[in-house]
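Asker: Sharing the feature lines straight out of TrEMBL:
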| type | residues | note |
| --- | --- | --- |
| COMPBIAS | B:1-12 | compositional bias 'Pro residues' |
| REGION | B:1-21 | region 'Disordered' |
| TRANSMEM | B:56-74 | transmembrane segment |
| TRANSMEM | B:86-106 | transmembrane segment |
| TRANSMEM | B:137-157 | transmembrane segment |
| TRANSMEM | B:163-183 | transmembrane segment |
| TRANSMEM | B:210-233 | transmembrane segment |
| TRANSMEM | B:262-282 | transmembrane segment |
| TRANSMEM | B:303-330 | transmembrane segment |
| TRANSMEM | B:342-363 | transmembrane segment |
Amino acid sequence: MTRTIRAALTCAAALGAFSATPAAADAIGACLITKTDTNPFFVKMREGATAAAAEKGITLQTYAGRIDGDVENQIAAVESCIAAGVSGILITPSDSRALAPAVTQARAAGILVIALDTPFEPADTASATFATDNFRAGVLIGEWAAATLGDAAASARIATLDLNASQISVDYLRNQGFMTGFGIDVKDPTRIGDEDDGRIVGSDVTNGNEEGGRTAMENLLQVDPAINVVYTINEPAAAGAYEALRAMGRQNEVLIVSVDGGCPGVRNVAEGVIGATSMQFPLRMASMGIEAIAAFAADGTEPANAEGLDFFNTGVTLVTDKPVDGIPSITSDEALGLCWG
Amino acid sequence: MTTTPPPPPRPGPVSGRGPSDFETGLAASPQGVARFEAPRRTPLAGIQHLLHATPTLVPVIVLALSILVFGLIAGERFFSPFNLSLILQQVSIIGILAAAQSLIVLTAGIDLSVAAIMVLMSVVSGKLAITMGVPAPLALGASFALGTLAGMLNGLMVARLKLPPFIVTLGTWNIFFALNLWFSGAQSIRSQDIDAAAPLLKFFGNSFRVAGANITFGSILMVVIFAVLWYVLNRTAWGRHVYAIGDDKAAAELAGIRTDRVLVQVYALAGFICAIGAWAAIGRVGSISPQSFYEGNLQSITAVVIGGISLFGGRGSIMGALFGALIVGVFQSGLRLAGVDVLWQVFAIGWLIIIAVAIDQWIRKVSA
Amino acid sequence: MNREPILKARGLVKRYGRVTALDDCDFDLMPGEILAVIGDNGAGKSSLIKALSGAIAIDEGEITLDGQPVSFASPLAARDAGIETVYQTLALSPALSIVENMFMGREWRRPGLAGRWFRALDRDRMRAFARDKLSELGLMTIQNIDQPVETLSGGQRQGVAVARAAAFGSRVVILDEPTAALGVKESRRVLELILDVKSRGIPIILISHNMPHVFEVADRIHVHRLGRRLCVIDPREHSMSDAVAYMTGAKAPH
């Protein structure tokens, strides 16, 4: 990343004329399109982008869908950004495939499109992807859960609380990562629910909020009251699941793992509601995205992916107060200084 | 100008077609026209008439049948008192929203903002009580007042400005949603923080056990709200006016109902019920989540429609909405326990809605 | 013949922009009579009726009810003063029952706690009253007083609307085209009903286009032309063709 920026600075003078996109007339333009502006994750992302843009003198426009899965508004936002002649678009696609045509159109117009947080399918739809390694995030909590259970892992009763029926990439990457980390044969790694491991009780969708988490947990407990490992798509869903377990007096017998690193989630780790969570870094994601756009606007440099991945890894860290050997982690205390929201 | 004084009352007409005409007419059909004939009906038409007279019969039958069928498919796990009470608990919030929605729909309106009002009010009471340290009863009182006000705002725009309810509430849905995000900072208030600062907010999450069933206070609240509204709608003049307005607003106006005033009251009452629902929702979810119940508006309309309340207004019983909410809950629970994928639950609910509206149309044809 | 009109209007004027709908119009309704109002379309007949029933505010003129000057701000005010109007649309709620329609807007509450605090309707008393009133008017062939109005025939609905107008101690009943939408048999039944109401001592203003019906039941006929009362004729002394001729201006009243 820093290499890119340095290259950008050296070439900026020579290639200044190259970036003669409409917006380059006075200031460089950039767009941030998030799934929603309700989730603190995206709020933090916007903060990061806004701060970085101010620093780089970039004019930033922000857009958001109304709800997760709101494809139409995101397409409209991409179109507005093309019309505005921006140099780069940072987008967290609500649907990994449905937005591809709009993004292709934007790239054809000479715009750098960086997927933040959620990769496109295929990933090279966008110029680059700056994301949490969601699969890795899942693996970390899967490994942690298996190690914590020890021998009991062989007879675990597992429930997975996923996002929604569309099975978008974040959803299956975290889920399948968790399964892999726990030592389950995932079959098709892009498909939730095709596993035949007898330890899996079932999965249900939560829409990533507390209400959905609670209802899904209640439903799965009706299928098998002996569930003792619960994977959740995010921390609000985990909080909902905990309420369901507490209503049945089982909160102390069940291991809940999650992904996100939001501050309420980290506090829930501290209080033992969540056993472990994989923390991601939305602020870093967005600020790096803006830097990449600045570099691209300056000399056309496109960001490069991390070794062996088809995206630029912005990092993931396991947060737990019950660390296990062999899996690096930080405590909830340390995480409170890093969390978002 | 000639003005003839009025003659004394006289038995029959003199001029025109003459008295003979009149009397033969009478003789020919002394009472026949006004008689309510009991026509012979086919069994199907008989059912149609029965359903017309008792509109809640359809949802009750569907509910009973679906409980029976899922009981057979999913067995003990579905049919246990615990699971049935769980369904009651899971539908309680959407049920309360459906009660508010029913009031609006009975006036031939629709309210897309019910869930937005509810979530906003749960955030208001939570923020006041937990973040700002206002005593919990005061915080709840404020949320009730603001919820009523929010509903009244809808009502004033519908009744006084004569704007279509769909448009008004589509607008306020967005407005209340934005206010919710602004006020909450899009942040959930955690369950543990509520327990520490204002446990009263989670009052309706409390429960007791009876014969294996786990009944939450929230479930009871829902049933009580429906019972009270049933009484108000069926046993008070105000309730009958609500029906009359939904049935034919112009006729109600001519019959002496101050329709605009009643409409504003209906929307305000719906807002108040949403605010009570907000309190119950905190107990149900555990935390105060600005992002929950995003689809609550449509789910409440679904319950109302499946419950046989006509979207054209004036027809159907509020109890139908309760049964409608329960039918959705039973389908979701039953299909899940039968191992059916989520998308097929959505599929099934879709068909339920269409069938319910088709039945409503069919029943309405009885009037002739 | 010295009786005073129960409802009297003098010099009514109503203008809509440059159109004068009522032009110095007079009107008299005597106690206990059926007064028919006839007139060509556009003669200002409906403006006159609206002025009397409070649906429009007059620009000039005076209306007195039982000798007292009145001015109605709304149909409700007219109704409160005892002038009941049965509109051509009937103003019934089809999905509600006969009783509910009869009592719409003036429901009776139960005595005591239930009524005062819980606002409970006195449904039994309302049913009994409605049944009485319908029987008085010979309408009790309607079997079930709780059946929705939409299950009634057109004539029966008219009957319910007329019963509602006549039931609550009203002093004047205005009937707007009561037979316009009905068949021959049902019209006959409704005319009979109008005479029944009259026999109860309630004066009736009957607006109708149907000359045979008018001549059959009316005691006097108010002929309206060009925004004012042209004449009042006695149906026993004039033929229908006379009336039509006055109405259309083909012939001047003597």
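Glycine is treated like the rest: Cβ placed from N, Cα and C.
Note that TrEMBL annotation is computational and uncurated.
Are these features on the surface or tucked inside, and what touches them?
Answerer: Outside the transmembrane segment (B:86-106) by six or more residues, the chain places 114-115, 118, 165, 207, 214-216, 218-219, 221-222, 225-226, 229, 233, 242-243, 246, 266-267, 269-271, 273-274, 276-277, 280-281, 284, 293, 296-297, 299-301, 303-304, 307, 309-311, 313-314, 316, 318, 320-322, 324-326, 328-330, 332-333 with a CB less than 8 A from a CB of the stretch.
Beyond the ends of the transmembrane segment (B:163-183), by six or more residues, the same chain brings 104, 109-113, 116-117, 119-120, 123-124, 127, 150, 153-154, 157, 290, 297 to within a C-beta distance below 8 angstroms of the stretch.
Remote same-chain partners of the transmembrane segment (B:262-282), defined as residues 6 or more beyond its termini with a Cβ less than 8 Å from a stretch Cβ, comprise 92-93, 96-97, 99-101, 103-104, 106-107, 109, 111, 114-115, 117-122, 124-126, 140, 143-144, 146-152, 154-156, 158-160, 194, 201-205, 218, 221-222, 225, 238, 241-242, 245, 288, 292-293.
Tertiary proximity for the transmembrane segment (B:303-330) is limited to same-chain residues at least six positions away from its ends with a CB under 8 Å from its CB atoms, namely 55-56, 58-60, 62-63, 66-67, 70, 87-88, 90-91, 94-95, 97-99, 101-103, 105-110, 222-223, 226, 229-230, 233-234, 243-248, 349, 352-353, 356-357, 359-360, 364.
Panel annotation: around the transmembrane segment (B:342-363), residues 48, 51-52, 55, 58-59, 62, 302, 305-308, 310-311, 315-316, 324, 327-328, 331-332, 335-336 of the same chain, lying at least six beyond its termini, place a Cβ under 8 Å from a Cβ of the stretch.
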Asker: Is the transmembrane segment (B:210-233) packed against any residues at least 6 beyond its ends, judged by a Cβ distance under 8 Å, and which are they?
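Answerer: Sequence-remote neighbours of the transmembrane segment (B:210-233) are 80-82, 84-86, 88-89, 91-93, 95-96, 99, 102-103, 106, 203-204, 239-240, 242-243, 273, 276, 280, 283-284, 317-319, 321-322.
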